[in-house]
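*Asks:* Once you've had a glance at the structure underneath, I'll fire off some questions.
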Amino acid sequence: MELLILVWRQYRWPFISVMALSLASAALGIGLIAFINQRLIETVDTTVMVLPEFLGLLLLLMVVTLGSQLALTTLGHHFVYRLRSECIKRILDTHVERIEQLGSASLLAGLTSDIRNITIAFVRLPELVQGIILTVGSAAYLAMLSTKMLLVTAIWMAVTIWGGFVLVARVYQHMATLRETEDKLYNDYQTVLEGRKELTLNRERAEQIFQQCYIPDAKEYRHHIIRADTFHLSAVNWSNIMMLGAIGLVFWMANSLGWADTNVAATYSLTLLFLRTPLLSAVGALPTLLTAQVAFNKLNKFALAPYKPDFPQPKAFPDWKTLELRNVVFHYQDNAFSVGPINLTIHRGELLFLIGGNGSGKSTLAMLLTGLYQPQSGTILLDGQPIAAGQPEDYRKLFSAVFTDVWLFDRLLGPQGKPANPALVEKWLEHLKMTHKLELNDGRILNLKLSKGQKKRIALLLALAEERDIILLDEWAADQDPHFRREFYQVLLPLMQEMGKTIFAISHDDHYFIHADRLLEMRNGQLTELTGDERDAASRDAVARTA
């Protein structure tokens, strides 16, 4: 099993130690049966010490068994902690384009459902390990009592195990399908939660989402979980009945065939009864391990970036003068839309506005410019030198950004991840008219329940606090009231330029295009710069250009 092999690779010596404890536990269990057989069945020991010795063995068995189970469970939780941490780090290191392809619903399902299933599997893993070890150890002990009876019992047990595995294989099939259905349900949950306002207004749409999306997925999930439980319970009951049948078989071989005396038959039966619970627990643990393997395979299918424990410190470019996109081309995977070839040179300190209709490629260009998308062809150059493909972090360190789907972080960070400059924060809180609306405590924002426009202002504050050279603003003013929108174009942007910022702003506000140093336009994935009469016309009526 790939999951257990990975545990072995990462925790070899702790795993060996745990296995040694499990072997000791199995040996003590078999020793206890041998003690009962030799001291209490074959020859009745009437000495006063037999009870303390028996109780001592019981206590030692409990301590060692509990210790081995706790050790294995703890090892499993350490592995799950490491797996979860590696998943988060790999997501942080994966290209944004890949994350967008996967979608947040499937990733959240992986981080919650899949990791939870792996955790449950490691909680049940001690039962499987001890069941296997006890079965092997008990078989060796039974061979000493009667080889012929062991052979027949082994065949009986082989049939039992084979039947159990046939049933468990069906469990695995349904669990694999179940995991795919979970992704659909997570997507349904996201639709209901994210679209709650629209669905509250339009009950017909709410009914359509419920009846045609959620109900079919929920029924599919119900079908597969019922089938999985059916085969699982069948496997448990099959094993239970066959174990009881093995006890009857032992007495039949001893009494009817004369292969052993009653004492040996009693010891055989006692051993099988002793094995019954661990063996049933092992069979019961198998579906959780199979589910964990399905979950592990699902996580691997995400094809995230390889795990690297460190966060590399990006190299700074403090004295750059020009940034150039030369023949940059980008295609989406479905090839439905492409951008480029893009040729653009940005000079330090410029204020550039990018305009264009919906779907023209503005946001894609922004992602390429900031290094969040990797071009399929073409080159990005800084002062005439190509950016190293293997070190995108160095280039991205130039940028801060406020995207349309803004996410607010609750801590203000300055350069190099250090606390933000208090004077800068105080100054911009005043410029953004948020001094009395935002509560800060040691660089942490305490109240994030704000309007969309206010959230955009705080996002701009977060970006400015990073003190990076280039700031990208994707339709930042769209959610501001008319008064503050004018403030943004006529006051805030010039203030940023005074700070030495290079500003790349996506905008539809034609009234304020006159404030830009350069006006760029995206149309059907192609970039052009508007000058002269074209720029004047766009500044008077941008709507006419997107018609």
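Including glycine, each Cβ sits where the backbone N, Cα and C put it.
Unlike curated entries, TrEMBL annotations are predicted automatically.
Straight from TrEMBL, here's the annotation block:
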- 12-36: transmembrane segment (TRANSMEM)
- 15-291: domain 'ABC transmembrane type-1' (DOMAIN)
- 56-80: transmembrane segment (TRANSMEM)
- 125-144: transmembrane segment (TRANSMEM)
- 150-169: transmembrane segment (TRANSMEM)
- 231-253: transmembrane segment (TRANSMEM)
- 273-296: transmembrane segment (TRANSMEM)
- 323-547: domain 'ABC transporter' (DOMAIN)
*Asks:* Give the nonlocal contacts of the transmembrane segment (125-144) in its own chain as ranges (CB under 8 Å, at least six residues past its ends).
*Replies:* 19, 22-23, 25-27, 29-30, 33-34, 65, 68-69, 72-73, 76, 150, 153-154, 157, 268, 271, 274-275, 278-279, 281-286, 289
*Asks:* Apart from its near flanks, which chain residues at least 6 from the ends of the transmembrane segment (231-253) lie with a Cβ under 8 angstroms of it?
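*Replies:* Counting only partners 6 or more residues beyond its ends, the transmembrane segment (231-253) has Cβ contacts under 8 Å with 148-149, 152-153, 156-157, 159-160, 163-164, 167-168, 170-171, 174, 259-260, 265, 268-269, 272-273, 275-276, 279-280, 283-284, 286-287.
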*Asks:* Need one number: mean pLDDT over the domain 'ABC transporter' (323-547).
*Replies:* 83
